[in-house]
Structure formats: structure tokens, C-alpha cells
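Features of the protein shown, as given by TrEMBL:
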- 39-57: transmembrane segment (TRANSMEM)
- 69-88: transmembrane segment (TRANSMEM)
- 94-117: transmembrane segment (TRANSMEM)
- 137-160: transmembrane segment (TRANSMEM)
- 199-222: transmembrane segment (TRANSMEM)
- 289-311: transmembrane segment (TRANSMEM)
- 323-341: transmembrane segment (TRANSMEM)
- 347-365: transmembrane segment (TRANSMEM)
- 386-404: transmembrane segment (TRANSMEM)
- 410-429: transmembrane segment (TRANSMEM)
- 437-458: region 'Disordered' (REGION)
Amino acid sequence: MERNLKNVLVISFGFLFLFTAYGGLQSLQSSLNSEEGLGVASLSVLYAALILSSMFLPPILIKKLGCKWTIAISMCCYIAFSLGNFYASWYTLIPTSVILGLGGAPLWSAKCTYLTIAGTSYAEKAGKYAKDTINQYFGVFFLVFQSSGIWGNLISSLIFSQSSTKVESSEEDLACCGAYNCLTDSTNTTESAKPSNSLIYTLLGVYTASGVLAVLLIIIFLDQIKSDQAETEKEKLETPSFWSTFLATFKHLKDKRQCLLIPLTMYSGFEQGFLSGDYTKAYVTCALGIQYIGYVMICFAAVNSLCSLLFGKISQFTGRKLLFALATVTNTACIIALLLWKPHPKQFAVFFVFPALWGLSDAVWQTQTNGLYGILFEKHKEAAFANYRLWESLGFVIAFGYSTKLQVYIKLYILLSVLVLSMVTYGVVEWIEAKSSPGTPTATKNENGGPLTQETYM
């Protein structure tokens, strides 16, 4: 097996095991820890900490420890969150949410940097365009990674289905479900359906073990990676100061393309936050019960995983603009339908249609936006991907922050507005790129005589 591909698979399966635990817990927070909004509050704090982490930690840790050990150490922060859920309270969930948030930005930045360097390295050897290889690597990663939602949610559904507590929702209760939900009354069904402590502890034990396995996989099998020799030598001679590293994320905002991509990046947080925080509670738990959250989210994860691989491969033929258009139309249709739909147990299949279509759209937002950052900002990968996590996290913070304050229909209108703004600013980025790189790119020679594997961007 080609070495770069082996490392891509190791990272992919490491994230698979880690997010089997975290993804399952995130989907359950709004329903499992609904008392005083503890679950969504912990998620909001988590992503707020992730924002602070994005400001300075990724460049420092990646330069000091390298991508491999940054990933391994950051994964341990996620395990802490699983442990905090064993006794869910404001004194356990909030501190462990902060710890996870601090580790989140370095984890994702190191992963994105690793895949971008690996893709560029392989493209140079094979004489291919780096952007195509990077997109393929991200496609492989998200194929494996997004399937974590299948396993994490399957585990929770199988365990919680053993509960003897079943809920029969009255028509009055069902009237409080959906876009025009009753902010206070809709939690009654959630509380009465909460599984026993023994089942919750069993679930958390499995999740914690999965996180530990992820760390061991990275430590034992992932190769340390370096960028080209010139950069390595430069780092030996010139170690950046703390403040220059601290400000690297903000200095990157001088690039107008980065500023224009902020709405698109934030939308990724908004749409994921809505599905895991609002759809699961106001539609699924309210009408069907908490034991069905896992099955519904499995549908989302399965479609997301398959589409991630598909879009990663076909993007070189279709171009990213067509894929972004597909995701926009799909998400818009879902938002409008959710505004009109009154969830009812008799419409059982419909509960799975929305997460399936949402998964198709999210596959585009994840693969193409990550790939776009890697291509546009190839010379400033760490700062660019730190910005990605920062602005996506801000979207999560806002989405979870107003989760218990606003009715669902207002959140859907907000989601639609951000989506429209995102596509406008993204269109401007494409216009800038078309203006600076006119015509179809052709293979040329670099200054060393080798093939130039990537278009040149300003």
C-alpha cells in the first residue's frame, strides 16, 4: 500500500473511533441532559472554547509537536468529555467541555494540515494536480469519518432500546413538536423517556473505550510527517515567536478570500448544530422518543459517508461550483419543508428523509470547503485551517446558544438567511479566482524543472 494512503487511512480510522464516541454523545446531549438546558449549554461552551483554541493553539502545537502528536494529545481531550458525562452536572460537563474545546482546534487543524501535505507530496511524485489528490484524500477521510455517526448512534440506540420506559405521546403533546414547538412543554416527553442510569453508564463505558482505542491507533501506526525539506531547514533556523504564532490566525484575515469564506464556514456550524441539537429534540424525541435518535442519525451519517466519497472523486469532473449548488438547493428545500411539516409517529419514514437529504448537503459542505481551504491557502495551511475551525465553531456556539431561547421556526429562518449569504460571498471568491487564474490550467514546469502540480493563487 502506498505510504501516504496508509497514513490517510490511519487518521481516518482514528477519527472514526474517536467520533463514534463524541458524535453519539453530541446527538444525545439536548435530549439526555435536558435539565435547565445543560446539554446544549455544554455544547455551546465546548465550541466557545474551541474558538479560543483556534486563535493560538493549532500553529503552536503543530510546529512544536508535529501533526502526529498534536492529533494524539488532542484526542485525549475528547476522552475527558466522555468521562464527564458519567455524572452529568454543571460541575462536570462544563469543565470537560472546555477541555474538549481546547483540544478540538489543534486536532482538526493538524488533521487538515497532514492530509494537505500528504496529498501535495503524492501529487508531486505522480505528476498530478495537488488539488485533485487533496480532494480525493479528504473524500476518503470523510467516507470513513462520517461513518462514525453510524456506529456511535447504532450503539446508543441498541443500548437504549433495552429500556423498559416507553412513551406514548398524546395529540396534545405532538402539537408541541416541529417548527412551532412549545419551548417549555416539549421537554416533558424527553424527561419521561430518559433511560436508566445503568444503561447510560454502559453506553459511556463503550464510548470511553472507543476513544482510548483511537489514541492508541494514532500513536502506534501513524507516521510523523514533514513538509518539504526547505521548510524544515527554515524552521530550524527561524523559530517563530509566541506572539507571531498567536496572531497568525488573525493575520490570515488580511486575505480577502478568507473573509469572504467566513459565512460559508459559519454555516457549516449552523447546519450541523441544528440537526444534532434541534431536529433530534423538537422532531425525533418529541414525536418518537429518545431511542429513535440513533437510528435517525445513522441515516444521516450513512448518506453523508457515501456522498463524501462520491463527491471527493467526482469534484475533479464536475467542479466544486456545481456541488455547492446541489447542496444549496437540497438544504433550502429541507428548510422550507421543515417549516411546513407537523411531525407525527404515523409518518415514520419522513423522519429519515430529512437527515438523509441533510447528509447529502453536509457531505458537500465538509469535503468541498475543506478542500477549498487547502487549495486556496496552501502556503498558510495551519493559519487557514485554524480560521476554518474558529468560524465553524462560532456557528456552533450561536446555534447551541440560542437553542433553548428561540422556537424552531425562527432558527430555520436564520439558517436559510445564512445559507443565502454564504452562497453570495462564495460566488465572489470564485469570481476572484477566475479573474486571477483565467483559462484552463495546464501543467507547467516549476523553477526546479519538475511539474507544477497546482494552480498558482494570489
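Including glycine, each Cβ sits where the backbone N, Cα and C put it.
The model shown is predicted, which means the values in this text are computed figures rather than measured ones.
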List, by number or range, the same-chain residues at least 6 past the transmembrane segment (39-57) whose CB is under 8 A from its CB atoms?
26, 28-33, 81, 93-94, 97-106, 109, 245-246, 249-250, 269, 273, 277, 386-387, 389-390, 393-394, 396-397, 400-401, 403-404
Relative to the transmembrane segment (386-404), which of 94-117, 289-311, 323-341 accounts for the most Cβ pairs at distances under 8 Å?
94-117
Taking 94-117, 137-160, 289-311, 323-341, 410-429 as candidates, which has the most Cβ pairs under 8 Å with the transmembrane segment (347-365)?
289-311
Any residues 6+ beyond the ends of the transmembrane segment (137-160) with a Cβ under 8 Å from its own?
4-5, 8-9, 11-13, 15-25, 27-28, 111, 115, 118-119, 195, 199, 202-203, 206-207, 290-298, 300-302, 304-306, 308-313, 315, 359, 363, 366-367, 370-371, 374
